[in-house]
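Here is what Swiss-Prot records for this protein:
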REGION    1-86  region 'Disordered'
MOD_RES   ALA2  N-acetylalanine
COMPBIAS  9-20  compositional bias 'Pro residues'
COMPBIAS  30-40  compositional bias 'Pro residues'
COMPBIAS  41-78  compositional bias 'Low complexity'
MOD_RES   SER50  phosphoserine
DOMAIN    96-226  domain 'MPN'
MOD_RES   LYS242  N6-acetyllysine
MOD_RES   SER262  phosphoserine
Amino acid sequence: MATPAVPVSAPPATPAPVPAAAPVSAPASVPAPTPAPAAAPVPAAAPASSSDPAAAAATTAAPGQTPASAQAPAQTPAPALPGPALPGPFPGGRVVRLHPVILASIVDSYERRNEGAARVIGTLLGTVDKHSVEVTNCFSVPHNESEDEVAVDMEFAKNMYELHKKVSPNELILGWYATGHDITEHSVLIHEYYSREAPNPIHLTVDTSLQNGRMSIKAYVSTLMGVPGRTMGVMFTPLTVKYAYYDTERIGVDLIMKTCFSPNRVIGLSSDLQQVGGASARIQDALSTVLQYAEDVLSGKVSADNTVGRFLMSLVNQVPKIVPDDFETMLNSNINDLLMVTYLANLTQSQIALNEKLVNL
């Protein structure tokens, strides 16, 4: 079961700079449409196809910035069509549940980036629940970025998603990620592409440069802003980020956290007995904390909390009631079974070694 940690505080809404209108080449069989402002997202009902030349490698120019309140250009802009709202949490809860494997994959992609690349981007995969969006997987997407333009290999992104669907058919495209501490004008153009693949996509930023001394992780969703009939802008609204773990992921995270106290940042794998001992020590510390809290409540040092009391009562009721003699009998039986398995394994190993020597004679 995934156990969320303390939510990361969401920063205030960040208006993104909106680049100028970006022409995108259309397929040969379809006449080129009138250029529209880059801030107007494309409807989700028109995803990019493999036969579309623009989907192979999209190169979009972004020469300057246009404020969201700027006057309309000379030509009549295309009407802004907001994408459909992401089903589930975003009308209310606005919660993104992030698994640690996502962060590890993003950091690994950043460390392996091409020489001269300022940041890396990629696609976020996961599932949509009733009250939250759970990001469980991701993959990086090659792109080239300069001051004037950004080019994204959309065909590579589509092929990678098709491969992921064969392994995890329930995972959907939820949005995209980028390394860095801020949202650039090119982020609006990339976000427009992902609006075709997912309704109201998520934009996740991971500060791999550790600008504030820590790896800041933020999630946003885009919102159109402006006067109807004028050039529309985009505002990125922050979302609440929580961390979720599977049991296997939690073991890896606990092991990685131990490297914080190692001078060389390296730690070896512990044996099964050491893991059992560590788990027992953690349980003992937790029980000591619970007992101290109960004593403080009884002595009047701490006011009683009904929520904590109900939780402790539920925890106590889950403990099975076993007679000490029966428990000792079950423990001895399990120990005897373990000793028998160990004896048979050693006997089999000896027989195999003896057989090899007889064959070599």
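Yeah, the Cβs are placed from backbone N, Cα and C, and that goes for glycine too.
The structure displayed is predicted, hence computed values, not measured ones.
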**Study point:** Integer mean pLDDT for the domain 'MPN' (96-226)
**Key:** 87
Exercise for review: Do me a favour and check the Cα-Cα span between the residue listed as 'N6-acetyllysine' and SER262 (phosphoserine); whole Å is fine.
Suggested key: 27
Study note, to complete from the structure: SER262 (phosphoserine) falls, by three-state DSSP, under coil
Revision key, fill the gap. In three-state DSSP terms, the residue listed as 'N6-acetyllysine' is classed as strand
Exercise for review: Note down the number of other Cβ atoms within 10 Å of the Cβ of LYS242 (N6-acetyllysine), including every protein chain shown.
Suggested key: 16
